[in-house]
Every structure is written in structure tokens, then in C-alpha cells.
There are 2 protein chains.
Amino acid sequence: MNDYEVFDLGDVILQHGATLRDAKLAYKTYGTLNEEKSNAIVYPTWYSGFHWDNEWLIGEGMSLDPAKYFIIVPNMLGNGLSSSPSNTPPPHDQANFPNVTFYDQVETQHKLVTEHFGIETLALVTGWSMGAGQTYQWTVSYPDMVQRAAPFCGSSKTSEHNFVFLEGVKAALTSPESFKDGFYDEKPVESLRAAARVYAGWGFSQAFYWDRLYTEMGHSRRLGMNLAFPTLEDFLVDYWEGHFLDRRDVNDLLAMLWTWQHGDVGATPGFDGDHIKALQSIKAKLIAMPAKKDLYFPPEDEEYASQYIPNGEVRVIPGVWGHFAGSGDSPVDLQWIDGVVKELLAS
Amino acid sequence: MNDYEVFDLGDVILQHGATLRDAKLAYKTYGTLNEEKSNAIVYPTWYSGFHWDNEWLIGEGMSLDPAKYFIIVPNMLGNGLSSSPSNTPPPHDQANFPNVTFYDQVETQHKLVTEHFGIETLALVTGWSMGAGQTYQWTVSYPDMVQRAAPFCGSSKTSEHNFVFLEGVKAALTSPESFKDGFYDEKPVESLRAAARVYAGWGFSQAFYWDRLYTEMGHSRRLGMNLAFPTLEDFLVDYWEGHFLDRRDVNDLLAMLWTWQHGDVGATPGFDGDHIKALQSIKAKLIAMPAKKDLYFPPEDEEYASQYIPNGEVRVIPGVWGHFAGSGDSPVDLQWIDGVVKELLAS
């Protein structure tokens, strides 16, 4: 799928000190930028997601309608399309890839948006999971630029429990010997399969499994197919292991995992680690949408953060899908999210 | 710690067909069996636990008071003290160890209780987690024998979500090459460390980590020491990795994991897989104690099961410790559980 553009970032000086030379930002746009350059939306990708995994919220009649908006989907650094461990030459190849923060991610996206497109205002920033993390970072890094924000199933600061969940994923990725401390020639399949198994219990809620909803998940707009898995094992193999084995690189996953674990808008320069002060600086009208039964981004965390956001609000996605309510695989939750984003865009 | 007795089980014909020859049941007793043999309590062990890990509920003034009761703590088959992969000679050594069900576990314990001690009634069966699973199994296997039952943080049937959580633990245990498909000479340290990291996010609730309660957990009656970890990483290493690295064997953990994943009182002979019918057959006065924020044994599951137990009741352990509310490491939850068990014993 080479349906995307590549923006030359040049040399990117990262927050933690490394310089990523000749860095690339892969992105795709949908719709047309209007003359006033006032209809742009940024919609960053999620952990292990590519731009095409975001397309379910984009389309005619959808909230992100290309007939009205100019939607930019930047692929996160580390996701395998933008500069990543898997596509960067030495000295930053494979496990030598430097640590990238959410702040860094947004800096590269800001460069694309302003320097390449000449855009100075964003009608909306939105995203799922790590995409929500990038959304929050946009509102803090560029408070005057972001008019509206709709982070769903994510947070402005990675909680300690979330960090620990990711430690489990990291352990699964790194402990098989075929991982070779990140300097493998052959794909460490054991790592990917183990991580998929660890992830499976976290991605969906207890109630999702209790109701055996994997047997009839319905039409996934993200994948463009009906999702139905006759058995639990089939769901684990086909949906979960299949996802991780398909194009995902272990070092890429670890690079994104580091970004996620260290998510904190308080780490934005100027806030000296003060997360609350960073939240208080947000000017966007922001609607956070945690999912009711999300096991690693529970609604309580967003309720906590929201109290510090001047124009912030929380709407809890109902139902039992848990974190994957925001994946684009759940027809009902997709409609719900789309409805809130429409309302926000109309305001 | 050779403070226990060993009961010769002889040849144990397991539910799934294998015969475990010259099998052993390691156990410890507390208190004295009265003349009527009416004061016996069975208190089975939990996943990776040994009999000494159960002692926190036993003592003067505690619900399980040795001055009043004769408390038998049988070590589960697979835990490393009773017959287990780590201590069984060929042909059932290491990864050749056969699958053991909860039904099998209770059969061996019943043999000890009846044949060795001549006990025909049990004042109480109680246990945490897999100990709760064995408690349920006792009430179904021997409904006329068990007067009272207090399963805490466990279930009568392993839910699919719980099964998936365990798939993650299993993947972590089995994917490092040092595991050598279960035929290792040297302890596969990577397996144990990875499993500990995976487990850490599940054992305690999101709120426990949010509140950073690991920095001051208080006095653990189980471990006989104050638990306080200055940093999250220290908690992950010292409490979690330390637990798994201390005496635990990977094949033993996998044997117990299989038992757990296949937990189902409906699999008791005579019920033909009918879990509800099995619950309806329970005669004991039963108080189930799920913990409010338990991530793999959520209270809803126990509420569901309870409606089918004629003399069943659910009391939810409050607070944020999640599954580990029942570990004996939480001073407040220990008191709460102890109080309910006292009330049940007085009835």
C-alpha cells in the first residue's frame, strides 16, 4: 500500500538529545484544503496502526468528510512507514533507534502542517489510543492553533498501571531469544505471537469475552470485512496474532511502546513536568471519550484530567468493547464516536 | 521449609486419563481434630502458592483459630511440594506431567481427609483464587460433606477473559528459548521474569497503581514483613519478579495454569458439562467474596454464579487492591475477609 506521501523532515533533534538525520514523515491526506486554510484536521495513528487503519472515521457522511475537511493522517515515527527502527540506516537502525516522545511526534507533524501546507489553524485534532495521546500533545504544544480536540480511549499522561500493562507486552516482545536484543535478521515470530497473546486480554473487556462477542463482531469499517471468529482460539490466532504478524516489526513496536510509556503533556518544554499546569494551558474545546470498560485507559483517568482542562468535557463510550471500542472494528461504537465528533465540529 | 507432612496417594487415575503413579500430597495441619471429628477445615493453596502462603488467615483470634479448628492446608498438585512436574520422575517428569483438573485436585484431598484422618464432615472449605476454585469443586464433588464454603477472589468456572489473561502468562513462560519446550536443565529465568511482568498489571487494580499504594502496602501477615517499594520498577522487580524467581518452577507454573484455565465445576462426573446444574447441587452455606476491582475474577461473574447456588451469597471486598485483596498482603482486606469467615463459621 504505497498510497501515501513522504515529507522530508531533515534532521530532527529529539527531546532526549539524539538527532535523527534525514528523517521522514509518511502521511496521507483526504479532501481539499480550502483557500482560507481553515478546514484542516490532524488525525494521528495509534500503536501498531498505519494511516489506512484510521480511514474508518473518514468518508462521505462521516464526521471526517473529505467534501468538507482536509484531513491529514500522519504516521507516527516508529510505526514502520515514517522513520522507524525498521527503515532507518545505521547509526539509528534497529535497537539503536532513539527514544521519541509525544512532544517529538507533534513537532514533526507541526512541521508538515505549517511548512508544507502553510496551515496555521486546525479545526480538529483527533485520534484513538496513542492517537489520543498525540491529540493531547497538540493541544498543549500549540494551544492557539488547535480549535477542537477529540481524543478517544487515550490519555494526556500514561498512568502507572498502563505503564505496567506495557511492561508485560515489552517482556513478551523482548524475552524470546530470536529477538536477539533487537538485532535480528529474521523476524522474531515468537515475540510477535507472545505479545499478541498478552495484548488480547487487555484489548477487550471481561464482558466482551463473557458474551463471546468475538463470534459475531459485525462489519469492521476499518478492515472492510465482517469479523466473526467461531472459537476463542481462532480469535486469538486470526485477529490477534494475525494483527501482530502482519507487517509489524518488533523494534518498531518497542519504539512506539517507549513513546507510549513516557506519555506526559507535563514533559512539554516550559511546563517543567507539571502535568496539571499543562492541562490548564489547553485552549481547544476538548471532548475526551474514554470507553466504559477500557482496561488500561479507564474513564476515571480522563475524569481526573478533565477537571483541569478549561474547555474540557468527558463523554464515556458505553458498551463492553473496552479499549477496542475505538478501533473502528465496532459498528456501534464507531457510530457513537462519529456522532460526538460531528457535534464537536459543528460547535 | 520442610515443616509439612507427605501423604502417599498411591496411583492416581486422573480425569483426563493419565495415571500418576506413587503420587504425593504435601500438606500441613494446624490445631487438633476433636473427638467427633467435626472441626476440620480444608484450605487449599493458590496459583504459585505454598501452604505457608496461606497461614495469614490462621492463628489465635483469627477466623481459622487452631484452638478451635483442625485446619488442613493441602498443597495443590503441581505447586512443587505435592506431585509436580519439578519433582516427578519419568515418564511424567517436566513437560510430560499430565493435565490435572480441579476435580482431580479435590479427589486427592478427599482421600487425605477421609482415609488418613477419617473425617466425614468439613466445617468449612475456603481459599483464595485457585484455592477458591478448589473450594467450589469441594462443594460440588462432596455436597453432603461440606457444611460451609468461603471462596474468595475465584470462580466455579474459569471465564473466557480469565483464560485469555492466562494465555498471556503462558506465552511469556513458554516463548523464551531457555524454556526449551519444558525440558530445561537450568531454570529459565527469562520465562519467570517475563511472566512476572505480565502478571503485575493484572494482580492489582488500575487504582492501586494510580494511588501508588506499592510505596506503602503495610504489614503483610503472609510474608511477615512490612511491604514498601520506593519506585514502580522496584515493585516490579522485588515483589513480582522476586515472587516468581523464588522457588517457582516454570513447568509447575504451567501445570497449575492448565488446571486453572480448565476450571469448571460442570466438568465434575455426573453433570455432563452442565455448570448451572453443578452449582444448583451445592448444599453448603456459601459466601463468595470477589474483590471489587479484581481484573480477572470480576464480581459480576460471582453474582452470576451465585443466583444458582441454593444457599449462596456474594459479599464484595471493597477497595482498590484488586485480585491481591485476597493475598494476605493487604492488612485491611485481610481483616475484612477474616470477619466474613468468622461470621460464616458462627452460623
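Cβ coordinates come from backbone N, Cα and C, glycine included.
So that you can see what the record holds, here are the features copied from TrEMBL:
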DOMAIN    A:63-319  domain 'AB hydrolase-1'
ACT_SITE  A:Ser129  active site, nucleophile
ACT_SITE  A:Asp294  active site
ACT_SITE  A:His323  active site
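Features recorded in TrEMBL, as mapped to the structure shown.
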| residue | record | CB count, 10 Å |
| --- | --- | --- |
| A:Ser129 | active site, nucleophile | 25 |
| A:Asp294 | active site | 29 |
| A:His323 | active site | 23 |
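Mapped onto three states, the DSSP output places A:Asp294 (active site) in coil. Under DSSP, A:His323 (active site) is assigned to a helix (H, G or I) in the three-state scheme. A Cα-Cα distance of 11 Å separates A:Ser129 (active site, nucleophile) from A:Asp294 (active site). Mapped onto three states, the DSSP output places A:Ser129 (active site, nucleophile) in coil. Summed and averaged per residue, pLDDT over the domain 'AB hydrolase-1' (A:63-319) gives 98. Here the CA atom of A:His323 (active site) lies 4 Å from the CA atom of A:Asp294 (active site).
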